[in-house]
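Annotation comment: Swiss-Prot describes His567, His571, Cys669, His673 as Zn(2+) binding site.
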Amino acid sequence: MKQLTGAQIRQMFLDFFQEKGHAVEPSASLVPHEDPSLLWINSGVATLKKYFDGRVIPQNPRITNAQKSIRTNDIENVGKTARHHTFFEMLGNFSIGDYFKEEAITWAWEFLTSDKWIGFDKELLSVTIHPEDEEAFTIWNEKMGVPKERIIRLEENFWDIGEGPSGPNTEIFYDRGEAYGNDFSDPELYPGGENERYLEVWNLVFSQFNHNPDGSYTPLPKKNIDTGMGLERMTSIVQDVPTNFDTDLFMPMIGATETISGEKYRNGDLEKDMAFKVIADHIRTVTFAVGDGALPSNEGRGYVLRRLLRRAVRYSKKLNINRPFMFELVPVVGEVMKDFYPEVLEKKDFIAKVVKNEEERFHETLHDGEAILAEVIAKAKEEKTTVISGVDAFRLYDTYGFPIELTEEYAEEAGMTVDHEGFENEMEKQRERARAARQDVDSMQVQGGVLGEVKVASEFVGYGTVATESNVVALVKNGEYTDSLQVGEEGQLMLDVTPFYAESGGQIADRGYLLADGVKVLVKDVQKAPNGQNLHQVVVEEGTLTKDAAVKAIIDTKNRSSVVKNHTATHLLHQALKDVLGTHVNQAGSLVTSERLRFDFSHFGQVQADELEKIERIVNEKIWESIDVEISQKAIEEAKEMGAMALFGEKYGDVVRVVQVGDYSLELCGGCHVDNTASIGIFKIVAESGIGAGTRRIEAVTGKSAYELMNDQVGLLKEAAGKMKTNPKDILTRVDGLFAEVKQLQKENESLAAKLSNIEAGNLTDSVMTVDGVNVLAAKVNVADMNNLRTMMDDLKNKLESAVVVLASVNDDKVNILAGVTKDLISQGYHAGKLVKEVASRCGGGGGGRPDMAQAGGKNPAQVEEALAFVQEYVKSVSK
């Protein structure tokens, strides 16, 4: 067998199938941007479904790939077993209605056994097949020459996920020898059994049947091939190492962790070995996932990353690593993978920043959290229970950042379990509290009263019209049906046809009026009713509104005009953020009103001033290019193929609304927009801030609001210039001149203060007392700040040569205290840090420092004299 690196095996696989006429499909992003319902790409075939289900016809029906994948269903087993991983690479070859069973088997055998390729000893290979797959048996036995005793028939060799394509599969196993198992009485010691000797190398799936709704199977008109070979497992066999972690795909990370920790891998400590493995696995996953745009958070795929990082940090403590360090492994992962995934090294600085940020956040609470958990476990044992309550588990999650799964691992080590149901109950209570705290949401009490019973149809026509003739089809007051609303009364109603947009997708509702003969009704707000209709919150200003009344519904066009400008601007902003900051940026929330827009997005660290300037300029350039905004209805799959941005967690129907701004922005959106970007006029960023870990917020204005903002700023500039007696264009020069003047005055002030301090220090020497043979000076002085206090202290120590000195000053009801001890007295046991702490405690403060100099603060100026009197007592206590 050849000596090969993991990178060489990957490339060899792709080269082999390229020679067999396959197109090499690039590895897709781990984050399935085209399918927000899917958490991660979790297999080689996941990105090829569009070919297998016929939505897209591939240019070449023969495809091969090396697909990075993430699976997180067995996180707790990572590190415990030889081959469990959260991140792995799946090598595969696929046929979309082209070749079938014979070619798939023949090529697999050639790749594994030919000296040109892997070069396995044929005698060490066995295969499993489905008991009824005689075709596969014949190919293996007669054409490949595998003796029948090494062809094992297993019932589970059938790939079936319910209705749809299915078929038998064959798996190829490699015999690693008696060192990995020689107990032939073991019922699992066979290819396909649970053992370490016979390792599965390759799985070939023959998709030849359709599983029908009635449970029957019928032959497919076009048969497909879907194969999978785990690179990590294959590499462990080729490199003849006991586990996947001992291959060159993992050892560089383990080696770097050895250097950081000072501990050794495989040094006889199984617990430490597990820690090395957990860290190596999890940093690969996090590095690739962040590189593909995922960021740690408290939900979805972000929660998975947070859980992995915090699990790795927890295990790092077993290696005596008590500081953020995982970020240092990011470039190591990049070096290992650079041949096939150069993007990791290209993004290493950003990835490392994200990882370090998350590590630092967890380290801030980890120690306290572990202490609390230890108390919880001890208390549970005292109470003779083996269950950690959901309340305690939630407190660890909410206050100390412990993912529930991490608490469960700690509990398992202590022989305990966690009340998962109780934890979920606490989570739901928190969600309820959050919902109740949102005063601006559900203010209409949409769910109240009879609204859930209303099933009448209501059509929204507001995309294309601002006024329409309508009929009131439901009228509600105080949660109950009513026949009428009088002047001054508030209620809720539904129209059979409405131009009023209901608040959703971050866009606020339309306002406007309903008009009829003698009737004028103000529409204050519009929300979605429980059954999906637009529900109008109204106040009758004139006349009486009755159920079934015919009205003219007219929206406030001035308000709508401002809203649509801001909404289209958020789409331009979203894309500009991706262009400037990176593709990891994703929308995390938005608010679109007539006055302003607010856009929340995933990003670590403050957006720098020059970046904000670039973002703002890009948005304005797109506005000034006068780009048409096209809105269309598309099948969801077609929209995804077009590359439309979809929001993770959003539920989309089969047909979606696509908003396209030229070739610049493409999003799925149900909101209202301008027809052309020129209508926006101008875009101005007002503020950028952080609203949580990994989430930033930009607030901006457009159109008239942007003009008014800039006009106000120009007005302030003119006012400031007037006060400085200069022109606006010269104001910076004038400010620089003023700063220079202030700096000169500060220097003169400091010089004067130093002279005064020197004079006062000279006067203070007359107040020196001798206590047990030690010069002692404790005095309240009149200086402006701690810097002047230090200057005075230095003067006094120089003048006195041998002394214990304590000075205190009072400014704005705050006490500054400074203690100094000359070198000769330090050796006798006098300590400025200890002394100043005692003095400060007597006037409501605290502090400390070095033996020769220490400072403190106090809160009670009235007690300063009393505090200074303690200095003599201190000197006496030391001299004894």
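Glycine is treated like the rest: Cβ placed from N, Cα and C.
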Setting His567, His571, Cys669, His673 aside, what same-chain residues sit with their Cβ within 8 Å of the center of the Cβ atoms that define the Zn(2+) site, listed in sequence order?
Val564, Thr568, Thr570, Val629, Val659, Glu667, Gly671, Cys672
Restricting to the chain of His571 (Zn(2+) binding site) and a gap of 6 or more, list residues whose Cβ falls under 8 Å of its Cβ, or answer none.
Val659, Val661, Ser665, Glu667, Cys669, His673
How many neighbouring Cβ atoms, not counting its own, are there within 10 Å of the Cβ of His567 (Zn(2+) binding site)?
25
Using DSSP, would you call Cys669 (Zn(2+) binding site) helix, strand or coil?
coil
Is His567 (Zn(2+) binding site) helix, strand or coil when read with DSSP?
helix
Count of other CB atoms lying within 10 Å of the CB belonging to His673 (Zn(2+) binding site):
24
For a quick check of packing: other C-beta atoms within 10 Å of the C-beta of Cys669 (Zn(2+) binding site), how many?
25
